[in-house]
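S.K.: Mind having a look at this structure? Questions to follow.
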Amino acid sequence: MLSGDIPPNQTVYLRNLNEKVKKEELKRSLYALCSQYGRILDVVALKTPKLRGQAWVVFSEITAATNAFRGLQEFDFYGKRMRVQYAKTRSDCLATEDGSTAPKEKRKKQEEKAAEKKRRAEEAQQSGPNAAAQSNGTGYQASRLGKTSQEPPAPPNNILFIQNLPAETTSMMLQILFQQYPGFREVRMIEAKPGIAFVEYEDDSQSMVAMQALQGFKITPYNPMAISYAKK
């Protein structure tokens, strides 16, 4: 079906997605990827046999959906080229199950939001002033983002230090975001230190572009990324 046959609307339909990706990771990755185009109301991805490899993203504005439609066509997502079109109707993303399950889905979303708030509170308690600046086994040391006036921020270089990541963030989620900018090399995460990561580019001018573009970007509705240069 040609996307041109369907009028623009708030919901984009994504297909040719990697079926091996777990449902929750898929939803989080799609949220992180699509949030740069506008405010997201919902991401729906089900693992039933008929709906594998597909997802729906509902934006608050048609213009946001249009930007995603244009920007994500053929995007390399978990090793497969994404196919994007507008949903036939908004109900395409809401009627994927029998209507009687709607209250259950609503309760599930409310529970997920409550769990996310709880995780944020726990992460805030665990993140002491030294958590982000300790040596971490990667050969780099995180800059402290000005937490102490005695320690100046690291000078520009090709490696970015990312903080305030939700605990469920994966390296693939970050790769999907940062590989959109020229010169991307790799993402490094530390299993023993959730919530932080290092992203390497070919040179400092390329890392600066990515930093400026993604500073404060929210991988989830509650976690704006804090980006600085890594200390070598």
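Just so you know, glycine gets a Cβ as well, placed from its N, Cα and C.
Summarising the annotation, Swiss-Prot assigns compositional bias 'Basic and acidic residues' to 108-123. Look at Swiss-Prot and you will find 127-151 tagged as compositional bias 'Polar residues'. Residues or ranges marked as domain 'RRM 1' in Swiss-Prot: 10-89. Annotated domain 'RRM 2' per Swiss-Prot: 158-232, in sequence order. The region 'Disordered' annotation in Swiss-Prot covers 90-159.
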S.K.: In the domain 'RRM 1' (10-89), how many residues does DSSP put in helix, strand and coil?
M.R.: 28 helix, 24 strand, 28 coil
S.K.: Per DSSP, what is the residue count of the domain 'RRM 2' (158-232) in each of helix, strand and coil?
M.R.: 19 helix, 23 strand, 33 coil
